[in-house]
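Quick look at what Swiss-Prot lists:
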ACT_SITE  Lys187  active site, proton acceptor
ACT_SITE  Glu194  active site, proton donor
BINDING   Gly12, Leu13, Ala14, Val15, Met16, Gly17, Asn35, Arg36, Thr37, Val77, Lys78, Ala79, Asn105  NADP(+) binding site
BINDING   Asn105, Ser131, Gly132, Gly133, His190, Asn191, Tyr195, Lys266, Arg293, Arg456, His462  substrate binding site
Amino acid sequence: MTEAKGDIGLIGLAVMGENLVLNMESRGFTCSVYNRTTSKVDEFVQGRGKGKKFIGCHSLETLVQSLKTPRRVMLMVKAGEVVDHFIQLLLPLLEKGDIIIDGGNSLYTDSDRRTKDLDAKGILFIGTGVSGGEEGALLGPSIMPGGNPKAWEHVKPIFQAISAKVQPGDQPCCDWVGDGGAGHYVKMVHNGIEYGDMQLISEAYFILKHYLGLSNDELQKTFAKWNTGDLDSYLIEITADIFAKKCEKDPNTYVVDTILDSAGQKGTGKWTAINALDVGIPLTLVAESVFARCVSSFKEERVKASTILAGPNPNEANKKFTGDKEQVIEAVRQALFASKLVSYAQGFTMMKAAAKEYKWNLNYGNIALLWRGGCIIRSTFLGEIKGAFDKNPQLDNLLTDCWFRDKLAAAQDGWRQVASISVLHGIPTPAFTSALSYYDSYRCAKLSANLVQAQRDYFGAHTFQLLDDPKGAPVHVNWTGRGGSTHSTTYSI
């Protein structure tokens with residue numbers, strides 16, 4: 001009897017890798033598995049994979065030999081040099097037309113390079129974003145594949161089978177994103193938006209707890225209620241759960257109150273913020289969210305500064321509150337929703353700029369649909385983003401779409417009230433206030449940049465355009481009126 005061949009091989013049996021192949025096997029695919037620590041292969045095949053269609057492999061040679069052609073090998077390993085290391089080990093074992101898939105959180109430029117390098121060797125490469133964490137990998141993640149388009153037909157049946165499904169019609173949260181590094185780029189932007197969402201929620205929590213004095217029980221009920229409306233999303237849902245969790249050893253203490261207020265980060269938010277500068281897009285909310293995590297890491301310095309620097313104590317703001325709690329709760333909800341809309345608008349504007357810069361053909365409406373299920377930023381209004389781009393594929397900014405415009409208009413009063421409360425009571429809300437500032441800047445017909453241009457011309461002779469002739473010849477002025485050179489050769493800002 002001929003031994004069964006694997007439909008796909010997976011390298012890297014950490015939790016994400018294990019859950020992905022369990023998902024694949026549950027959809028009818030036979031999976032060959034390999035891990036550098038070979039005992040991990042045996043543990044998996046005899047443990048979680050026992051009695052299922054898995055082929056355990058103790059070498060890369062065995063893995064490759066066990067696969068149907070064209071061979072599909074998926075890497076679920078640490079991003080960076082480790083991916084390149086395994087690619088180099090696989091190359092002598094593969095044939096032209098075989099496919100290597102990187103499912104880790106790789107930088108999009110690495111995926112772009114790998115696509116080109118492997119194409120020259122006859123190997124098809126896919127760099128794919130996989131979102132949803134451990135649970136998503138097992139039950140259905142959002143998958144964002146990019147790379148060599150010739151590879152897509154060979155992995156599409158597997159990826160769309162294992163991805164999350166949404167209504168109507170069980171649509172898969174997986175479709176081809178674009179060439180080269182496009183898949184990992186979209187995943188990077190997804191992660192940046194995730195940073196923003198988490199920071200916005202934490203700022204809403206801070207105001208509700210420290211300004212209004214809500215208990216954890218009240219916070220749980222508030223977020224659970226919010227999850228039934230416009231804010232219905234995965235992160236709001238899990239936040240409500242977090243406020244309900246008590247310590248096992250001390251049932252009178254909530255877990256959230258025992259956690260050190262110093263946030264970690266893996267770097268994908270930083271990548272997003274850096275690239276926003278490269279493509280010239282003000283991704284202010286994501287950048288502030290990254291910086292907020294940086295500030296949080298200075299715990300000892302903050303504790304010292306709290307006894308030195310003047311200003312209202314944000315942790316004791318609730319001692320002065322005497323107003324209508326329900327009204328402020330609604331204002332915070334409005335601020336959270338409006339700021340969230342700004343974050344997504346900035347993210348999609350950035351993807352448009354990147355598509356132009358890197359010559360990708362991105363379908364923004366379809367990208368929004370990829371995020372409707374399985375992923376960390378899934379939320380109900382993603383369908384509205386799809387609708388906005390269906391109505392106007394050339395839409396410059398989601399904020400100008402009628403649905404977004406009307407929602408932002410309805411949230412104005414609460415949004416501005418929350419920003420005012422934060423400033424007056426010393427409550428740090430960098431994401432809320434940066435979102436509002438971006439919104440006000442974007443809708444301002446005439447900004448203060450004319451003075452910036454004048455200053456640049458004064459010290460650096462950088463010239464400027466005239467208001468009544470914006471596309472005319474650059475102008476330089478002798479600002480002192482005393483003749484001679486007024487510009488510095490030292491500065492170029």
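Heads up, the Cβ atoms here are built off N, Cα and C, so glycines get one too.
Small disclaimer: the values here were computed from a predicted structure and weren't measured.
A map of Swiss-Prot features onto the structure.
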{"residue": "Gly12", "record": "NADP(+) binding site", "contacts (Cβ under 8 Å, 6+ apart)": "Asn35, Leu75, Met76, Val77"}
{"residue": "Ala14", "record": "NADP(+) binding site", "contacts (Cβ under 8 Å, 6+ apart)": "Met76"}
{"residue": "Met16", "record": "NADP(+) binding site", "contacts (Cβ under 8 Å, 6+ apart)": "Met76, Gly103, Val130, Glu134, Ala137"}
{"residue": "Asn105", "record": "NADP(+) binding site", "contacts (Cβ under 8 Å, 6+ apart)": "Ala79, Gly129, His184, Lys187, Asn191, Lys266, Thr268"}
{"residue": "Gly132", "record": "substrate binding site", "contacts (Cβ under 8 Å, 6+ apart)": "Leu139, Gly140, Pro141, Ser142, Ala164, Gly374, Cys375, Ile376"}
{"residue": "Glu194", "record": "active site, proton donor", "contacts (Cβ under 8 Å, 6+ apart)": "Leu235, Gly269, Ile376, Ile377"}
{"residue": "Tyr195", "record": "substrate binding site", "contacts (Cβ under 8 Å, 6+ apart)": "Gln265, Thr268, Gly269, Thr272, Val286, Ser289, Val290, Arg293"}
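Rounded to the nearest whole angstrom, the C-alpha distance between Thr37 (NADP(+) binding site) and His190 (substrate binding site) is 32. Between the C-alpha atoms of His190 (substrate binding site) and Lys78 (NADP(+) binding site), the distance comes to 19 Å. The Cβ of Arg293 (substrate binding site) has 17 neighbouring Cβ atoms from other residues within 10 Å, across all protein chains displayed. In terms of local Cβ density within 10 Å, His190 ranks first among the binding-site residues Lys78, His190, His462. Of all the binding-site residues listed here (Asn35, Thr37), it is Thr37 whose C-beta has the fewest other C-beta atoms within 10 angstroms.
A distance of 45 Å separates the Cα atom of His462 (substrate binding site) from that of Lys78 (NADP(+) binding site).
The Cβ neighbour count for Lys187 (active site, proton acceptor), using a 10 Å radius and every protein chain shown, is 30.
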